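Visitor: From TrEMBL, for reference:
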- A:44-62: transmembrane segment (TRANSMEM)
- A:74-95: transmembrane segment (TRANSMEM)
- A:131-154: transmembrane segment (TRANSMEM)
- A:174-196: transmembrane segment (TRANSMEM)
- A:203-222: transmembrane segment (TRANSMEM)
- A:242-263: transmembrane segment (TRANSMEM)
- A:284-304: transmembrane segment (TRANSMEM)
- A:316-335: transmembrane segment (TRANSMEM)
- A:364-383: transmembrane segment (TRANSMEM)
- A:395-414: transmembrane segment (TRANSMEM)
- A:421-440: transmembrane segment (TRANSMEM)
- A:446-465: transmembrane segment (TRANSMEM)
Amino acid sequence: MTNQPVAAKPESGGAISDFGIDTTTQSTGEAVRDFFVRLRSGDLGSMPAVLGLGVLVLYFWTQSESFLTLDNTANLIAQGSGKMIIAMGLVFVLLLGEIDLSAGTASGVCAAVMAMHYVRAGNLVGGMGSTVFYVFVGGMLVAAVLAVIMRIWAGAVFAMVAVTIAMLGVGPNPWIEMLLALCVGTAIGVITGFLVSKIGMPSFVVTLALFITWQGVILQFIGQGGVFGIGTQPVLFSVANGNLSVLGSWILFAVGIVGYAGVVLGEHYVRVNKGLVTAPTPIVVGKVAAVTVIAALGTYAFTLNRSPNDFVVIEGVPYVVPIVLVLLVIGTYVLNRTRYGRHIYAVGGNAEAARRAGINVPKIRASVFVVCSSVAALGAIVYSSKVGSVDPQAGGLNTLLFAVGAAVIGGTSLFGGRGKVIHAVIGGLVLAVVENGLGLLQQPAAVVNIVTGLVLLLAASVDALSRRRATVAVR
Amino acid sequence: MSEPILEVTGLNKSFGPVHVLHDVDFTVRAGEVTALVGDNGAGKSTLVKCVAGIHPMDSGIVRFNGDPVSVHGPRDAAKLGIEVVYQDLALADNLDIVQNMFLGRERGGAWLLDEASMEQAARDTLASLSVRTVKSVRTPVSSLSGGQRQTVAIAKAVLWESKVVLLDEPTAALGVAQTRQVLDLVRRLAEQGLGVVLISHNMADVFEVADRIATLYLGRMVAEVPTREVTHGQVVELITAGRSGDLGLARPETATV
């Protein structure tokens, strides 16, 4: 029954023997061999996306001299980060094998409310009209009640914060506006989560319906042909367009690297000392060194003046880089180190097993939609800031498909159970490079859409094929 | 012999119009292996799942160590010290061995799991079960063979210093060597003072390890007898017809679904 070369030999009296061939450490060579074995067995992770990203960058570099300039690189990152952030939230939903088609337009609703709060100087009643305003507040209250019913306390608190901000008519303040966007996103997620996990409708249908609903809500808030300009508010504008100072960039580098190396190396040596399963030390140290070098080079490049205009100086790491990094760290920590994250993977891998282990599966299922919509609201802040305005198309068009595409291209499985937050970042970079590069090559939108769609299709096939391969390998 | 550690009386369970369990009485004694046998659809797995809190009971009383207890969910059962090894093993393929063994009962705070302590405990338990074919406790379950998965599922149940372990067909998917190991393990658990319930279709296994045999027939408990007082043939008759001589149902005609 075993596919291991060392099969269990029947022994006299079934004596307890030592732990046989179980190992906790392996040599570097073994680890490398193991890595290729895993690749062959279909556990690809983000490998295809990283390779694809390299190929794409090389290709556009040879085709357009303006592609790999500092200016364009910074621009590319700022352009892609909104969808990248939405994708980070979607990873949570995809981990359960669910889908949230409404994340894009839900983020648009958050952007519209945020922008209306700024444009109307905090007067949401005037901006929406009293009927719409009371429906809006009522919706937030319903979300708060649903969150209490589902015992998702954070959802209830955030929804009530949104109600409070709306009812008090708090004056314009960029931080209040961003908080409002986040809270509206959370409330939307509570509603989605309730419909999926308590009512029991398939997430595809619920979120497809909400996708259309939120599109209508955005149009109602902004009005046909209307635009809310937020580019005049310095804080809101600089979220995606501003940069850290040169000193700030190096401080970010130092804090990031010390933190990363501290966590990775510290954990490695604790595990070695306790005799636990560890990767070979050279590989761990090499990984940290590689990240340090790449981060240092990147920070250095961004601290050079990249302005195409001689009279303006643009230097420093764009704000979106620390924003994405912080979300990446939080998301990775939640999924890998907390009980909640462990339970998300368990429900995605085998919901029945999770239920029998006493995990509250409906609550986990609802909560991932709350996470997804809340994170999507943060994405909305970034992409609205990049454009400097919010129009009725905010979060519409292919925002959602780009975000799903980013997660899947990065290596998150559509079948649930496998995925990491960093997949959204890598996949988001791939799509940002495709969009930006084809734009520089003067390709029409038709070509951009076709290529993006094909890349997504390719990623989904890799996912499906590797999954089939993994299943075959088990039997 | 010994006091019953787990006693179920008058258990009824229906799934919609289908009455699966009729007034079932079932006793598990500490230090004994009780075999639960019956044909397919007799209600063996349902009985186990009711005891484990997976399915709510329609009626019936569960006594644990003589005290009436209410089991409303898997956590209640786990708290009492009742562990189940399910027929389908209930392992999450995408998690590794340690993560599966501690699923739902992770050590450490909610905001920072104690991986080191979990990994060491998992290794110790696997070592005590003489598991020698697993390369690393951090291997994902998806890359384990059927026998290895079975061992992980049993190790998961043994890890918790449980009082009662219910094994639902633990040897069905195993080869000769692994079956031997599992049966030895079942005996060892009973010798350590646990109440063990073994569901099996394999009469040879049942007669080898069981102290008592409980037979379900169409959702009714027809006999609960010491193994040494019955023969192989009698048990087969009980399973297939619900009666055998003086044992079992008085008149098989009354047994309706």
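Note: Cβ is positioned from N, Cα and C throughout, glycine not excepted.
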Visitor: Among A:74-95, A:284-304, A:364-383, A:421-440, A:446-465, which stretch has the highest count of C-beta pairs below 8 Å with the transmembrane segment (A:242-263)?
Guide: A:284-304
Visitor: With pairs fewer than 6 apart in sequence excluded, do the transmembrane segment (A:44-62) and the transmembrane segment (A:316-335) have three or more C-beta pairs that lie under 8 Å?
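Guide: They are not in contact.
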Visitor: Using Cβ atoms only, state whether the transmembrane segment (A:174-196) and the transmembrane segment (A:421-440) have three or more pairs under 8 Å that are 6 or more apart in sequence.
Guide: no
Visitor: Does the chain bring the transmembrane segment (A:421-440) near the transmembrane segment (A:74-95), so that three or more CB pairs sit under 8 Å (pairs 6 or more apart in sequence)?
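Guide: Yes, the stretches contact each other.
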Visitor: Counting Cβ pairs under 8 Å that sit 6 or more residues apart, are there three or more between the transmembrane segment (A:44-62) and the transmembrane segment (A:364-383)?
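Guide: Contact criterion not met.
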Visitor: So if I exclude everything within five residues of the ends of the transmembrane segment (A:446-465), which remaining residues of that chain have a CB under 8 angstroms from its CBs? That is, six or more out.
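Guide: Counting only partners 6 or more residues beyond its ends, the transmembrane segment (A:446-465) has Cβ contacts under 8 Å with 42, 44, 48-49, 52, 398, 401-402, 404-405, 408-409, 411, 413-415, 427, 430-431, 434-435, 438-439.
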